Ligand SMILES: CSC[C@H]1O[C@H](OP(=O)(O)O)[C@H](O)[C@@H]1O
Ligand SMILES: Nc1ncnc2[nH]cnc12
């Protein structure tokens, strides 16, 4: 088995990981364009961690500007075997108040202006995505949260909207009626691309607000969200420190096969594959494209 390397994608309010030791900035070229930032490598306990701030230094990029493909590609090239996302989110449930950490297990994709796949004309692939989150990572996150006394729930659906504007009240009521637990703007297509890259993925969705479905409340605003994010910062750091330091040294096989997602996914016949696209896919799909 390969050595485990933990990837962490930090969202709003999480632009660096002060927890890391032996910190090094990696410079990795990607055929998919510019990532949000150069990834930062370091250690938490004995675990190698590679960190990527999703919105770039100083929160330079909005949710629709992020090059999700380049981010996932450089994390894969950096040797990441398992990927955790940290995200701010709005809540659709009274019992998920600001400050609650939701370890979601489902996504609803409402985005429409993003590149959603590494594959396409010249190399078509269809990965399974019915279970988008790696249950072993969720179990480990839940254990770390419990050990650190961080309020959390396991399970829930994250609806990903395009943004950057927050929802109208009508949209908010509709997403709640769809059964969503939380809303954000970034986990799609990130989770889809992680699956294509055979990276087991889980997200820590940190509730910052109740979105706009409660008629008696003023709507959601970014100032309030950033304030709650600051308050959540210490809990997020403790959770991550505990999670990473207890992470197994060897990559543990994903129980739902996220780390073998491409085994049967490629449908384009080898003689019809586009060599230029295959070259771009060297990191993402090299395991199944390289002749053994
Ligand atoms: C700054 S509030 C809205 C912003 O926060 C969330 O981002 P992330 O998932 O990276 O924490 C949300 O999706 C929006 O992009
Ligand atoms: N209410 C909300 N809607 C979308 N993204 C969010 N991120 C944090 N709160 C949010």
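Cβ coordinates come from backbone N, Cα and C, glycine included.
Where the annotation comes from TrEMBL, it is an automatic prediction and has not been curated.
Fair warning: this is a prediction, and the values are worked out from it, not measured in the lab.
So that you can see what the record holds, here are the features copied from TrEMBL:
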{"type": "DOMAIN", "residues": "6-244", "note": "domain 'Nucleoside phosphorylase'"}
{"type": "BINDING", "residues": "12, 54, 55, 87, 88, 186", "note": "phosphate binding site"}
{"type": "SITE", "residues": "167", "note": "site 'Important for substrate specificity'"}
{"type": "BINDING", "residues": "185, 209, 210, 211", "note": "substrate binding site"}
{"type": "SITE", "residues": "222", "note": "site 'Important for substrate specificity'"}
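TrEMBL feature annotations superimposed on the structure.
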residue: 12; record: phosphate binding site; contacts (Cβ under 8 Å, 6+ apart): 55, 59, 87, 88, 225, 226, 229
residue: 54; record: phosphate binding site; contacts (Cβ under 8 Å, 6+ apart): 9, 10, 11, 36, 61, 66, 71, 85, 186, 190
residue: 185; record: substrate binding site; contacts (Cβ under 8 Å, 6+ apart): 63, 111, 160, 161, 162, 163, 164
residue: 209; record: substrate binding site; contacts (Cβ under 8 Å, 6+ apart): 90, 91, 98, 220, 224, 225, 228
residue: 210; record: substrate binding site; contacts (Cβ under 8 Å, 6+ apart): 90, 91, 92, 97, 98, 217, 220
residue: 222; record: site 'Important for substrate specificity'; contacts (Cβ under 8 Å, 6+ apart): none
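On the backbone, the CA of residue 167 (site 'Important for substrate specificity') and the CA of residue 211 (substrate binding site) stand 7 Å apart.
The local packing around residue 87 (phosphate binding site), expressed as other Cβ atoms within 10 Å of its Cβ over all shown chains, amounts to 26. Long-range neighbours of residue 211 (substrate binding site) (same chain, six or more residues apart, CB within less than 8 Å of its CB): 90, 91, 92, 166, 167, 172, 175, 183, 220.
The substrate-binding residues named in the record, 185, 209, 210, 211, extend over a maximum Cα to Cα distance of 15 Å. Close contacts with ligand 1, defined as a Cβ under 6 Å from any of its atoms, occur at 54, 88, 185, 186, 222 among the recorded positions 54, 88, 185, 186, 209, 222.
Within 10 Å of the Cβ of residue 55 (phosphate binding site) there are 21 other Cβ atoms, across all protein chains. Closeness to ligand 2 is met by 88, 209, 211, these being the recorded positions among 88, 186, 209, 210, 211, 222 whose Cβ falls under 6 Å from the molecule. Along the domain 'Nucleoside phosphorylase' (6-244), the predicted structure has mean pLDDT 96. Around the Cβ of residue 167 (site 'Important for substrate specificity'), a 10 Å sphere holds 21 further Cβ atoms from the protein chains shown.
Within 8 Å of the centroid defined by the CB atoms of 12, 54, 55, 87, 88, 186, the record's phosphate site, lie the Cβ atoms of 10, 11, 13, 14, 63, 86, 184, 185, excluding the listed residues themselves.
Residue pairs drawn from 12, 54, 55, 87, 88, 186, the listed phosphate binders, are separated by up to 12 Å at the Cα level. Under the three-state DSSP scheme, residue 222 (site 'Important for substrate specificity') falls in the helix class. For the recorded site, residue 87 (phosphate binding site), the DSSP three-state label reads strand. For residue 88 (phosphate binding site), other Cβ atoms within 10 Å of its Cβ number 23.
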